[in-house]
Amino acid sequence: MTDGPRQRSSTAGSAKDAAGEESGGKVALKKEIGLVSACGIIVGNIIGSGIFVSPKGVMENASSVGVALFVWIITGIITAIGALCYAELGVTIPKSGGDYSYVKDIFGGLAGFLRLWIAVLVIYPTNQAVIALTFSNYVLQPLFPTCFPPESGLRLLAAVCLLLLTWVNCSSVRWATRVQDIFTAGKLLALALIIIMGIVQICKGDYYWLEPANAFEPFQDYDVGLIALAFLQGSFAYGGWNFLNYVTEELVDPYPNDVCVTR
């Protein structure tokens, strides 16, 4: 009499356990990043401090307006090709982690570890330090109109900015994407104002250096090393096109979103 109920109870328990393994056995990141936020990540990282700092370096090292425009076009094409390749990698290997995940899956754990070690200790800290120092310089410069801001103030404000953004990213992905969207809108507005002012100056007739006869007139001797530095500055301004692949697992629908953002 008791064998039947015991057997039914055991069967029900095993079915419940199996259902639990299917639904909650896999640990994964929450899919909270949609198409708009994904675009915000890409645009917000590309339109960073580089686009407001690099044009000066590109112009100084290119030695002429025509060569500077050529540098911007070539670096833009290279960036577009890299973004398309990364979009394919993102949908082929749908894992968060970006470069680390791809290097680890293709070349093995040691190569992945070395790539991650270099990125954590060298690449990302220096990039974030440059961005934070540029932000603090822009914030403090109006307070010191006749001189340069003090170095201690720049470093302190940059450190506070880095700590605040680190806390936001550790607290919530949703908060991080909202902050990213807000700052992206601000940077787009700033770029729009710069572009509008440039168009106004062109309409006033200030386009002497854009004329073909004057575009390649050098204001200093051409130098291969300086032109190489101009390409480096242009590439830095486009940096950030691969950041979406670091959160691939958090995209709501990775394949169409990754492809749409890249296109």
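Here the Cβ of each residue, glycine as well, is placed from N, Cα and C on the backbone.
Annotation source TrEMBL lists transmembrane segment at 33-53, 65-86, 106-124, 152-170, 182-202, 222-241.
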Criterion met for the transmembrane segment (65-86) and the transmembrane segment (222-241) (at least three Cβ pairs under 8 Å): yes
Cβ contacts under 8 Å made by the transmembrane segment (106-124) with residues that lie 6+ beyond its boundaries: 99-100
